[in-house]
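Trainee: I have a structure I would like to understand better, so I am pasting it below and will then ask my questions one at a time.
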Amino acid sequence: MQPRTPLVVCVLLSQVLLLTSAEDLDCTPGFQQKVFHINQPAEFIEDQSILNLTFSDCKGNNKLRYEVSNPYFKVNSDGGLVALRNITAVGRTLFIHARTPHAEDMAELVIVGGKDIQGSLQDIFKFARTSPVPRQKRSIVVSPILIPENQRQPFPRDVGKVVDSDRPEGSKFRLTGKGVDQEPKGIFRINENTGSVSVTRSLDREMIATYQLFVETTDVNGKTLEGPVPLEVIVIDQNDNRPIFREGPYVGHVMEGSPTGTTVMRMTAIDADDPATDNALLRYNIRQQTPDKPSPNMFYIDPEKGDIVTVVSPALLDRETLENPKYELIIEAQDMAGLDVGLTGTATATIVIDDKNDHSPKFTKKEFQATVEEGAVGVIVNLTVEDKDDPTTGAWRAAYTIINGNPGQSFEIHTNPQTNEGMLSVVKPLDYEISAFHTLLIKVENEDPLVPDVSYGPSSTATVHITVLDVNEGPVFYPDPMMVTRRENISVGSVLLTVNATDPDSLQHQTIRYSVYKDPAGWLNINPINGTVDTTAVLDRESPFVHNSVYTALFLAIDSGDPPATGTGTLLITLEDVNDNAPFIYPTVAEVCDDAKNLSFVILGASDKDLHPNTDPFKFEIHKQTVPDKVWKISKINNTHALVSLLQNLNKANYNLPIMVTDSGKPPMTNVTDLRVQVCSCRNSKVDCNAAGALHASVPALLLLCLFSLACKLA
């Protein structure tokens, strides 16, 4: 095989370059001159020729069409570039696209001194300033293919051609890559005989901007002869996406009185089109402002950055004078650098004029009046204020302070959170007899501090005059409670004390009468005139109405007012103990077996309702016996218990043993109680007391009960 000529890849700005034979290399399809430079004129004049373009497809330019990147320009059929209207700024570059069924190419017009309002397309189109086709012999010739997105039917349509100048007879072209045999499959295909590349459907640049394909030639068996050679397909952007605001809702705040030019917020939109073209070059403007007072142009938006700033004087930005402290702006973003042909998107910006504390609270009047009955507590008057600031902020909320006239701290003032009023209250009951009038000086401030150029004036203080109304108050016992100490069992009619009650209404001359209010045991009487308390019954310290030796009674003192007022006094009588209760024994029943070996059968305990020293130590004795002597015996265990024993076994029967117990009082008191002893038959662990009575408790259990009682007493 003869060595093949090297593969040549030419990068052109043309969308399609068709070469049908090696001889066609002498004609280069496209613009003869691809780059032009002109100076920025003061204005492009309508229909005035700007420059002449020369394009050839080497096939006669049949069905030649031109497209200009700026919609306000066109190319006439003779190649002359003209403006469609008078226009000043068009940017720094214009691109002219020429197309025939056989070839396409792009020319660039550089405007020296023009404003930069669009991105360069050079990176996308891989603009080459050299001749697109080198004048040399070569094998496979591949040029980048440029296809506008969103093309319409018919499909498939030819978009380019691959030429192999030294292709053996019978060889074929093969196309591979993403968009051919890789997903998304079937978008591109190649005529294996002619090398013509076609697209089968409309393309979307926002989905895939470029396709990297590979071309190679193969023999009849599919073996690669040359390649693969890269073939790049570039999707040309069309302005098919509107700007979108995605970050809403947009809410900004600006303090009232802010200087002109204060930045409030930033609004930014996005455009899915090619950011290197005017298709995604956005400009912002305010379409509508609501409300439009006091100025229809309260705000300005930077057309490039989207920053919203204030444009009115600080005096107009006064929240208290605005109809509504909230503005809604319809913000429009337009691509194509804001030209009329650009697509638009809108969003709403809400701007809130925030309040600052530039108004001090003022009382609605200088003096307030209030009346209150002596002895009463609670709110007596609401103090009203006015404040022009925002009711939802600390610049409006009031804080009240009593600055004079409250030495006894009888008054307090709190803010009503709903009305902002000052609620003045009496917290310590007032006494008409001490002072019938009170005068308070009260100031009001805001929770938030005032701005530096505003201060609290005379209207921020007010005077409150309070009149105390006289009320018939009940008499007061002194002391209360009243306390006396007496021995119990004193004689009936004994005088305990004389109570004393006074009327607080010192300016009223009233008499006082006394009566018994509560006397649980019915032991007392009171003289209604002089208040002398005496006994009507014997006082008993051991009574259930006495608690911890103290008896409690209540008395009333009633004045002669209309209506009369009543006061209550408490009498506490401490009763001293007297030895007036004889001791008693427990238990009073015992059991013992007739053949018991342990003849100690019961432990007796004694108790006394009196207090020491009128109780233990107790003296235990057998008072008299109805059986022969030497049968019973009683022995002292301690001050409160004794042990009863048999000196011999007895027959099964019931016996009554008189036990005499004496306390230690002076004089002592004695009590005689019969101890019932049941002598039972005890056989085979069974106790039979039938003949002796109906008692069934065992002797050991009875002893255990007595020992438990003894232990409790000792504890």
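Don't overthink the numbers, they just go from 1 along the chain as shown.
Placed from the backbone N, Cα and C atoms, the Cβ positions cover glycine too.
Unlike curated entries, TrEMBL annotations are predicted automatically.
Not measured: the values here are computed from a predicted model.
These came from TrEMBL, pasted as-is:
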SIGNAL    1-22  signal peptide
DOMAIN    147-245  domain 'Cadherin'
REGION    156-178  region 'Disordered'
COMPBIAS  158-172  compositional bias 'Basic and acidic residues'
DOMAIN    246-363  domain 'Cadherin'
DOMAIN    364-477  domain 'Cadherin'
DOMAIN    478-585  domain 'Cadherin'
DOMAIN    584-702  domain 'Cadherin'
Trainee: So what's the average pLDDT for the domain 'Cadherin' (364-477)?
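Mentor: Mean pLDDT across the domain 'Cadherin' (364-477) comes out at 94.
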Trainee: Over the span of the domain 'Cadherin' (246-363), count residues by DSSP class, listing helix, strand and coil in order.
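Mentor: DSSP composition of the domain 'Cadherin' (246-363): 9 helix, 48 strand, 61 coil.
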Trainee: Which residue counts does DSSP yield for the domain 'Cadherin' (364-477) in the helix, strand and coil classes, in that order?
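Mentor: Once the DSSP states are binned, the domain 'Cadherin' (364-477) shows 3 helix, 53 strand, 58 coil.
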